[in-house]
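What follows is a set of notes on a single structure, which appears directly below.
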Amino acid sequence: MSLAWRNLQKPFYLETSLRILQMRPSLSLGASRIAVPKLTLHTKHSMPPCDFSPEKYQSLAYSRVLAIHKQHLSPVDTAYFRKPLLLHQGHMEWLFDSEGNRYLDFFSGIVTVSVGHCHPKVSAVAKKQIDRLWHTSSVFFHSPMHEYAEKLSALLPEPLKVIFLVNSGSEANDLAMVMARAHSNHTDIISFRGAYHGCSPYTLGLTNVGIYKMEVPGGIGCQSTMCPDVFRGPWGGIHCRDSPVQTVRDCSCAPDCCQAKERYIEQFKDTLNTSVATSIAGFFAEPIQGVNGVVQYPKEFLKEAFALVRERGGVCIADEVQTGFGRLGSHFWGFQTHDVLPDIVTMAKGIGNGFPMAAVVTTPEIAKSLAKRLLHFSTFGGNPLACAIGSAVLEVIEEENLQRNSQEVGTYMLLKFAKLRDEFDIVGDVRGKGLMVGIEMVQDKISRQPLPKTEVNQIHEDCKDMGLLVGRGGNFSQTFRIVPPMCVTKMEVDFAYEVFRAALIQHMERRAK
């Protein structure tokens, strides 16, 4: 099945009245006209069509949900919005709340819903497997686990062919840390500032986003190094990123020579020479930083960094929790966009389209090193239901050409949103690759100081009120993360763009008062 049937939708234009902004089908195919209204906080958009009607919500009242949450669930405040959404149902790139309101999901459950909410094929496979076998643990064989291992390993280059199935990204990175230390016989592991590799006691040492750090000792043997951020970091230019959109910073580099990369490599060398032992265990890197706000490194940086790590006896770990499974478009795995071959790859989130599963893939040599030192076991890792769902997700990605859709629609989306940088002084940077885009908000383009969190919060609320859900990221929560399910269409991107632009206009109107 391809996505062609989902693209047969009418184009729209914006029709405005004194206070209402609406999208209506245009009279002729391909025609579009946009009237720029004076927007207010009551602006509404008509959404692109959706061929799905949700069931009527008949569960807990909203007030009861709030009471239960306050009394029985974690007091850590992670919910978005002043009045958190009570979601009820999902269909592909759409979400529905308890009141029947429809939202275009451009955050995908934190970059997790890869092929679409409740994808029909994945749901059918889950229902079939749930009536057959839920759980055995890996002390018994079952075909879903072996079928999935064969399918997944076929998508990875040699010698990355040994798979450890686990339950979450934190658990996967936790295991990868143990693997690196067991294989190298060393302790020190390096990760970037701004990196997010999990929230378990072990992986918190690798995670270097301030709000996730604890005021107690932890992270023994973990060392941070400067993130080669070509927008917010000290060096960057106009050719650095593997992206159709570059920074607005000037440089005199030739297209095939990046001075910023060289300077960041010198910083990496300085970390190796001053902050870790002569021999190290490894180096963790996300191909593109997710939680830190879709931060991209200079081209060729990871290739040189991997070589330096291996000179010290360390292994190189690619954290593909957010970048894997075709989301970046040009390649199936993020590490391939850097032309590197890691020793260990971790993956989660999109692997199960929201079902809790994860994996660590490594070489036979590293796997044997772990086996000699640890009887590794995971009760739920390799669960029959998880593996059946994982196989279905891989099949959908291939059958519906979702990697190609990520490339085509993602590039369209990135170039479209990049227009906002030219229009609004508070949009400092638009960056990304495929269906992974970051929009960094600033006070002004000269200082690049982050837009205050209260202002970013209001823009976020306005997007939600107009039917668009986006994520947040960055050390100062200053970057909007645009990461829709991989089945998204250009028409839906157009809607998201108009909503986001309207939210920015509303914000500028508030500022002017």
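Quick reminder: no glycine exception, Cβ is built from N, Cα and C everywhere.
Feature annotations, courtesy of Swiss-Prot:
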- 1-40: transit peptide (TRANSIT)
- Lys56: N6-acetyllysine (MOD_RES)
- Lys70: N6-succinyllysine (MOD_RES)
- Lys70: N6-acetyllysine (MOD_RES)
- Lys83: N6-acetyllysine (MOD_RES)
- Lys261: N6-acetyllysine (MOD_RES)
- Lys261: N6-succinyllysine (MOD_RES)
- Lys303: N6-succinyllysine (MOD_RES)
- Lys349: N6-(pyridoxal phosphate)lysine (MOD_RES)
- Lys416: N6-succinyllysine (MOD_RES)
- Lys416: N6-acetyllysine (MOD_RES)
- Lys419: N6-succinyllysine (MOD_RES)
- Lys453: N6-acetyllysine (MOD_RES)
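Between Lys303 (N6-succinyllysine) and Lys261 (N6-acetyllysine), the C-alpha separation comes to 11 Å. Set side by side, the modified residues Lys349, Lys419 differ in how many other CB atoms lie within 10 angstroms of their CB, and the most is found at Lys349. Between the modified residues Lys70, Lys453, the minimum number of other C-beta atoms within 10 Å of a residue's C-beta occurs at Lys70.
Most buried of the modified residues Lys56, Lys261, Lys303, Lys416, judged by other Cβ atoms within 10 Å, is Lys261. A 10 Å cutoff on Cβ-Cβ distances gives Lys83 (N6-acetyllysine) a total of 11 other Cβ atoms nearby, all chains included.
Taking only the Cα positions, the spacing between Lys419 (N6-succinyllysine) and Lys453 (N6-acetyllysine) is 23 angstrom.
Closest by Cα distance to Lys261 (N6-acetyllysine), from the modified residues Lys70, Lys83, Lys349, Lys416, Lys453, is Lys416. Distance between Cα atoms for Lys349 (N6-(pyridoxal phosphate)lysine) and Lys83 (N6-acetyllysine): 26 Å, as a whole number. The Cα of Lys416 (N6-succinyllysine) lies closest to that of Lys453, out of the modified residues Lys56, Lys70, Lys83, Lys453. Looking at Lys56 (N6-acetyllysine) and Lys70 (N6-succinyllysine), their Cα atoms lie 26 Å from each other. Lys83 (N6-acetyllysine) and Lys70 (N6-succinyllysine) have their C-alpha atoms 14 Å apart, to the nearest angstrom.
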